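Have a look at the structure below, then the notes.
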Amino acid sequence: MTALLSISGLTAFYGSVQALRGVDLEVGKGEVVALIGSNGAGKSTLMMSIFGNPRARDGRILFDGQDITDMPTHEIARLSIAQSPEGRRIFSRMTVYENLQMGAAVAGFAGFEANLDKVFGIFPRLKERLKQRGGTLSGGEQQMLAIARALMSNPKLLLLDEPSLGLAPLVCKQIFETVKRLNEEEGLSVFLVEQDAHHALKLAHRAYVLVNGAVTMSGKGADLLRDPKVRAAYLEGGAH
Amino acid sequence: MLAFRRGESGGAMEVFLQQLINGVTLGSIYGLIAIGYTMVYGIIGMVNFAHGDVFMLSAFIALLILLLLTQMLGLGAAPAFIVAMGASMALTALWNYAIERVAYRRLRGSFRLAPLISAIGMSTFLANFVTVTQGPNNKSIPPMWDQVITLTSGGAYDVTLSYRQILIVAVTGVLLAAFWFVVQKTPLGRAQRACEQDAKMAALLGVDVNRTVALTFVIGAALAAVAGSLYLLQYGVVKSTDGFVPGVKAFTAAVLGGIGSLPGAVLGGLLIGLIETLWGQYFSSDYKDVAAFSVLAVTLIFMPSGLMGRPDVEKV
Ligand SMILES: Nc1ncnc2c1ncn2[C@@H]1O[C@H](COP(=O)(O)OP(=O)(O)OP(=O)(O)O)[C@@H](O)[C@H]1O
Ligand SMILES: [Mg+2]
């Protein structure tokens, strides 16, 4: 499998605090890759540093063969990488519709209507709330909007940081199914961070375990699911 | 300097009406300047102290071009004014673009006071630059459009509306409508609002934040140049220190309306214009600036988020 995203030796700092300590990681074309780890392990930092925020201090990040390590954030986004970030970061004073328009800005407005129909198919709730301001949505609705906004850009690679956070179990299941379907039917590559390690490992082709800013384990999702150490730390109420 | 100096001989209503007209005219100009303060504050959280001087500079640019066109090329008043205002908008926008690049952009990530100090430096530079190149005294244009329409007559006091005032309010209205459309309905305006709310997220969606900030300065300067041209038209004179007082008043307008809020800036501008003219009429015209500045102090103490300041999250 050819690598769509390839990260090697990545380190990142917040001031003098080191958050990533030489991460090596790959996401192949058409692959779903999960990243698990306890709170503060550096998962969100890794997701954001792909976009240069924080910038990599050492190491390289390649996307589709292109070196994006030092590229400005907005140019990275324009290469068709989309992220539903930690904390959702909905534009709270914009309507749902405007938030979706913002998501589509990268793709241009050619496929806008089709994409809109697609995300409404996944989250019918958003269609009912089109004129409502983002800040007035419920937490779960905001999460849906964050994912929908990311999908509006027709991404090649979708980064999801804890997509199930705050969602009812049913909606959560639906989101995992959606990811699976987009991956199988449209070949969308997905890199996701998830607290719900059980679901994530079941969904993912491959997964990485991040501990204290470094990858300590990686392998097939199904294999990690059976691994005693992983089970103890992330699946059976061990670490958190 | 007695209160009711004209009203004493009757016609109190007429005097009030006249001051309302004058206040709205002045308020339009303040509102246009206030937008520049409020937009820049909204997007990078900085009080652009030099904005009043940018306004003054724009009035000078308009003055020079107007004199060139009317006195040397013999153009008529109307086309000359339109060209002068347009050129002043373009040149002032370019100036402000350069200012942002040179004096503010690099400081954006550093401690909060750094860009403010840089802006104060820029303000001093602009005022002195104009003093040195244009001299410290008033420069004037010949009066234009000074015909008036008499609204009420026969009483003790005639209420009049000058062609200039109509033009000022009309131009302001049209430009604000166009500006509002850009901000609310175009991808550019959307990107601008997105950067105001969460610049990092906007960048994640492909918005070039630096370019958007630069555009904010360009738009703010263009509107300030409209204000500068209209100010010149109304008062006929401008001098190099004229940036400060209108600048602080427009800033007061932005704070009063709720800094960051565009409708607030316009509303604040109108209110400050009215407060100033009415105070000058009924109390003391020597202290009309004090009245406007007191509003700033009172607003900051009792209503820091202003009249239309916005809560970030609201539940319906
Ligand atoms: N903006 C910041 N400034 C300083 N330190 C930060 C910042 N953001 C994160 N950190 C620190 O970096 C480390 C990694 O944080 P990160 O958010 O990447 O963790 P995470 O794995 O996503 O955790 P969680 O599961 O709780 O979301 C933490 O110790 C955190 O305190
Ligand atoms: Mg996180």
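Each Cβ is built from the backbone N, Cα and C atoms, and glycine gets one as well.
For the transmembrane segment (B:20-42), the residues of the chain that approach it from at least six positions outside its boundaries are 48, 51-52, 54-55, 159, 161, 165, 168-169, 172-173, 175-176, 179, 192, 196, 216-217, 219-221, 223-224, 226-227, 230-231, 234, 246-247, 249-251, 253-254, 257, 259-262, 264-278, judged by C-beta separation under 8 angstroms. Taken from TrEMBL, the feature transmembrane segment applies to B:20-42 (among others).
The transmembrane segment annotation in TrEMBL covers B:54-74 (among others).
The feature transmembrane segment is assigned by TrEMBL to B:80-99 (among others).
Taken from TrEMBL, the feature transmembrane segment applies to B:111-130 (among others).
Residues 21-22, 24-25, 28-29, 31-32, 35, 144-149, 189, 192-193, 219, 223, 226, 230, 233-234, 262, 266 of the same chain, all 6+ positions outside the transmembrane segment (B:163-183), place their C-beta atoms under 8 angstroms from a C-beta of that stretch. According to TrEMBL, the feature transmembrane segment maps to B:163-183 (among others).
The transmembrane segment feature in TrEMBL is assigned to B:213-233 (among others).
Residues or ranges marked as transmembrane segment in TrEMBL: B:253-278 (among others).
What TrEMBL lists as transmembrane segment is B:290-309 (among others).
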Best-packed against the transmembrane segment (B:253-278), counting Cβ pairs under 8 Å over B:54-74, B:80-99, B:213-233, B:290-309, is stretch B:290-309
State the residues, same chain only, that lie 6 or more residues beyond the ends of the transmembrane segment (B:213-233) and have a CB under 8 A from a CB inside it; answer 'none' if no residue qualifies.
28-30, 32-33, 35-37, 39-40, 43-44, 48, 51, 54-63, 66, 81, 84-85, 88-93, 95-97, 99-101, 105, 108, 141, 144-145, 164, 167-168, 171-172, 175, 179, 182, 188, 192, 195, 246, 250
